[in-house]
Amino acid sequence: MPFDVLISNQKDNTNHQNITPISKSVLLAPHSNHPVIEIATYSETDVYECYIRGFETKIVMRRTKDDWINITQVFKIAQFSKTKRTKILEKESNDMQHEKVQGGYGRFQGTWIPLDSAKFLVNKYEIIDPVVNSILTFQFDPNNPPPKRSKNSILRKTSPGTKITSPSSYNKTPRKKNSSSSTSATTTAANKKGKKNASINQPNPSPLQNLVFQTPQQFQVNSSMNIMNNNDNHTTMNFNNDTRHNLINNISNNSNQSTIIQQQKSIHENSFNNNYSATQKPLQFFPIPTNLQNKNVALNNPNNNDSNSYSHNIDNVINSSNNNNNGNNNNLIIVPDGPMQSQQQQQHHHEYLTNNFNHSMMDSITNGNSKKRRKKLNQSNEQQFYNQQEKIQRHFKLMKQPLLWQSFQNPNDHHNEYCDSNGSNNNNNTVASNGSSIEVFSSNENDNSMNMSSRSMTPFSAGNTSSQNKLENKMTDQEYKQTILTILSSERSSDVDQALLATLYPAPKNFNINFEIDDQGHTPLHWATAMANIPLIKMLITLNANALQCNKLGFNCITKSIFYNNCYKENAFDEIISILKICLITPDVNGRLPFHYLIELSVNKSKNPMIIKSYMDSIILSLGQQDYNLLKICLNYQDNIGNTPLHLSALNLNFEVYNRLVYLGASTDILNLDNESPASIMNKFNTPAGGSNSRNNNTKADRKLARNLPQKNYYQQQQQQQQPQNNVKIPKIIKTQHPDKEDSTADVNIAKTDSEVNESQYLHSNQPNSTNMNTIMEDLSNINSFVTSSVIKDIKSTPSKILENSPILYRRRSQSISDEKEKAKDNENQVEKKKDPLNSVKTAMPSLESPSSLLPIQMSPLGKYSKPLSQQINKLNTKVSSLQRIMGEEIKNLDNEVVETESSISNNKKRLITIAHQIEDAFDSVSNKTPINSISDLQSRIKETSSKLNSEKQNFIQSLEKSQALKLATIVQDEESKVDMNTNSSSHPEKQEDEEPIPKSTSETSSPKNTKADAKFSNTVQESYDVNETLRLATELTILQFKRRMTTLKISEAKSKINSSVKLDKYRNLIGITIENIDSKLDDIEKDLRANA
C-alpha cells in the first residue's frame, strides 16, 4: 500500500481532520486526541516535535533545517522491540543516508534519516499512527508557524526526560540559615533572584533517598549562586585562597585528624556567616604543565638563580615528605607553585589558582541565561591559565614525563613514572623516550635550551620545531566541533578514523577545547573518557584540554567514566587512569574523589558489581603501586561533609568494601561533620567496628594487591605494626562464595573449640588508624537497647547473627572470661551454656589463615556460613540426587508424550488423505458436463442451480394463476348475482309486513308524519345492513385469495422437491459419514426410525 494511500485512509478515518500547527492559545487547553506540533531546541538544533496531549512519551522529532526524521522514535511508537529496531536499522542503513546521534539530551538521541527515506520505511513496515502521519505530512506555513515551546510548557512538566538517569543526580539538602539578614530592598531582590536561580539549577532528586547519597554539593550551591548574583568574586577568591592554604599547612605540618576536623568545622561555620560555603580541599594537586597554547610569549628567563633555588626547594620538600611518611600517614605531597620569591608573585599565583577553582565551581551551577557572562569568564581565566602555565613551565623541573603524542602514535609504549622505585624524584636532567630525542621539559639553565624545550611538540612536528608555526587548522569552530562529535559517535574506539582524528591538530586559533557539548556541562574529554576513546583522550590532552574541569553535577572525567561500562568492555580503564591520574587524586566540586562515587555505585542494584569491583581494583593498584601513602591519603580523604569512603561503606552496610578498605589502611576514627566515625556508624547498626560481612577482608585479591604494592613501604609499615608483646590471634572466618567475583574458593579450616578461644583473640593490634576492639565494646557494653537507623528499617528483618555480636553479648562474654579464671573449665562450660546458649555458637567460628599484624578483628554475622563444610556438601549432594530423580521422571513422561503425539499426527495425516479422496468423489458425482475442481466452483454451481430453481418456481406460480383466473372470475360473478337476487326478494316481504299493521292502528293512520318517519328509518337500516354485508363478503374473498396463493406456493415447493426429501437427505449424509464418526450418529438414526414407525 503506497504511503499516500495510507495517509488518505487515515484522514478518512478521522473525518478529514487536517493536522495544523496549534496556536499559543491552544497550549493551555486540556488534553485532546489531536496531534500537536511545536518547535523545540536541543543542543542548539531546532526541531519540530509532534505528540498528543497526555501521551508526551510518544513523540517524533523532525529537524527544521533539513527535515530529517528521528526514525528511532517512529519505531518506538510502532511498538517495535529494541532487537527488531536494531535489525531494521542495520539492514536499511546500508542503502540510505543516515546519522546516529549519541550523547547529550536523551530524547534527541537516535538515528536520523531524510524525510523521503522515513516515508519509505513507514510505507514498507505499514506504520499507521496519527503522530507519525502528522509529522511526515507537515508543511511549514510562514503565516501560521508552529509555536516555540516555552519553559512552562506542559511537555516540559510531564516529559520523561526530566527523570534522573544516574544515581548521582543528587538532591540538594537544606543548609543552615544565615544569621545576618539584610533589610535593604536591593539585598532582598538579590536574594530572591538567587533563590530563583538556585531552584532552576537544583539537581534532580535521587531515587536512592539514603543518607549516603546526599553529596557535599548541597553546602555550596546556594552560597555560590549568591556570590555570582552579587558580583562579589574578589572576596570569594580571597576567602577560598585562605581556607585552602590553611588546610594544606595543617596537613603538611603533621597535624592529627582531630585538628583537621576542628579546622573543617570552623570553615563550615565561617562559610555560612560570610554567605559562602568553603570547600575543604586539602588534597588539591595542581595540574602539571604539558603543551603550551600561546606560542607568542617570550620564554627567556634572565634570572637563572630562580631555577636553582627552586630545584633546591623541590628537593627539600621531597625529602621532608619522605621522612614524615614513616611517622604520620596523613601527610600530602604537594607540587610547589614555582620559584616565586616575592610576596606579590605568590599573591598573583594564589589568585590564579582561586580563580581557576571558582571558575569550575561557577560553571557547575550557572544556568542557560548566563552563557555570555560565562564565556567572558572562560576567556579571561583561560588566558590567565596559559600565561601562568608558561611561567610554571619556565621554572618547573620534571625528570620523567611521557610525551603524550608518542603514546598516541605507539599505543604499546608505557608511560614513565614520575618517581623511582623508592618513591623519590629522580634528578636526571633528560627525559627518557623510546628512540626519540625530543624533550618535553628541560632543566638546562641556558637561554637556548629553555627556548627549545618550552615549545609545544606536536605529533606532526616530530622534532622539526621550525615547521610548527606553519601548521594551521583551516576549519571553522563549528566544523571543528562537528568533527569531535563525529569521532565521539563511534561506538568503539577501534572504529575511529585515524585520518579524521589527525585533522584535530592543531586546533583553530582561539578555540576553546573545553567547550560544553550538552546542557549538563560535559566537555569533549568527559564523553571521550566515558566512551573509552583512548586516541581522542590523548589528542584532547595534547590540545591542552582541562582534565580537572567538572560538569554541572561536579564530576570530573574519571568520575563520569565509572558510571558507564565502556571502559570495562574495552579493557581500557587502566590506560585511561594512567593518562588522567591527576583526576584520581584531585577533589572535584563536591570535594570528592572518584573512589567516593565507586563506593556509592557498589550498592546500586542497577550496576554490575563485577564492573564496579574491577574499577575499584584498578584505582587501588594504580595509586598503591606508585606510593602506598598516597593510597592511604585517598582512602582517608573527606568530602565537603566530612565523609570518607569508609563512612559511605559503613552507612550502606557494605561489609565487603568496609573490610577491604580497613585492610588497605583506611582509618575508622575519622569524624565527619555529624561527629560520626565509621566505627560509630557500624556500632549504631549493632556491628563490630572492624566490620563484619559475608566476605572478610583477607581475600586473595587483597593479598595479591598487597604483594603488588611497593615492597619497601609495605613491609616498613608491617614491621612498625608488629610488636613482640602483641602476638594477636585472628579468629578464622569462612569466606562467602560469590559467583561473580574472582575468589570462588576459600581455604576452610576446622573450627576452633571454646577452649581454644582466649582473651587475646578479642584484642586489636596497635597499628595506626586502627580501632581497639576492647575499647569500643567496653564503651558500648552499657547500652541495653539496640540502635536502628533508616538503613535497617525493621529490626525484625535484621539477620539474627548481626544482633548476636551486640555489646550486650560482649559484656556477658567478658564476665564469662573472668569467671573462667576462678572455676574449672568443665564446670564453667556447663554454667555458660545455661547462661548464654549462643556463646558456643559465637566462639566456635571457622576461619582463614591471614597476616596477623595487618588485619583488624573480623567476626561474621551470618550463622549459615559457620556450619562445617562437610554438612553443606552432604546437603548439596542430597538435593542434587533428588533433582536428578525428579528430572529422570520428567524426561520419561516427556518421552511418552512425544510417542503419543507422533501417533496422533500420523492418524491425522491418514484422515486428511481420506477426506481429500471423499471430496474428489463428491466433485465427480456432482459434475456432469463441466468438471468441478474446487469448493469455490461447487459453491458457484450451487448458486446457479438455486437461482434457476427460484425462476422455475415463479414460472410455475404464474401458470397456475393464469389457468385459475377465468374460473375465479366466473365464480365471483355468480356469487354477486346470487347476492343481488337475495337482496330484492327479501326487501318486498318486509314492506308488506310494515304496511299491513298500519290500517289496524287507528292512531297511526291519523298521523301522516309518523308514516314518513318510519319509512325513512327502515331505509336507513337497510342501507347499513347492505354495507356490512358487503364488507364481510369482501373480507372473506380476500382471505380465500390469500389461502389460494399459499396453496400455490406449497404446490410449487413440493414440485421442486419431488425428487428429494428429509429422509433422502439424511440417507445421503449417512452415506457420506466416515466409519470413525458413525458411532456418534447412531442415536439420532435410531430416534428417526422410531418416530417414523
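Using the three backbone atoms N, Cα and C, a Cβ is placed for every residue, glycine included.
Pulled from Swiss-Prot:
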DOMAIN    37-147  domain 'HTH APSES-type'
DNA_BIND  71-92  DNA-binding region
REGION    138-210  region 'Disordered'
COMPBIAS  152-172  compositional bias 'Polar residues'
COMPBIAS  179-201  compositional bias 'Low complexity'
MOD_RES   Ser255  phosphoserine
COMPBIAS  448-457  compositional bias 'Low complexity'
REGION    448-468  region 'Disordered'
COMPBIAS  458-468  compositional bias 'Polar residues'
REPEAT    520-549  repeat 'ANK 1'
REPEAT    641-670  repeat 'ANK 2'
MOD_RES   Ser806  phosphoserine
REGION    813-855  region 'Disordered'
COMPBIAS  818-837  compositional bias 'Basic and acidic residues'
COMPBIAS  846-855  compositional bias 'Low complexity'
REGION    973-1017  region 'Disordered'
COMPBIAS  1000-1010  compositional bias 'Polar residues'
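Here the DNA-binding region (71-92) has long-range neighbours at 58-61, 98, 109-113, 117-118, 121-122, 125, 127, 129, 131-132, meaning same-chain residues at least 6 beyond its ends whose C-beta is under 8 angstroms from one of its own. In terms of DSSP secondary structure, the domain 'HTH APSES-type' (37-147) contains 38 helix, 32 strand, 41 coil. Secondary structure of the repeat 'ANK 2' (641-670) per DSSP (helix as H, G, I; strand as E, B; remaining residues coil): 17 helix, 0 strand, 13 coil. For the repeat 'ANK 1' (520-549), residue counts in helix, strand and coil come to 16 helix, 0 strand, 14 coil, using DSSP.
Mean pLDDT for the repeat 'ANK 2' (641-670) in the predicted structure: 92.
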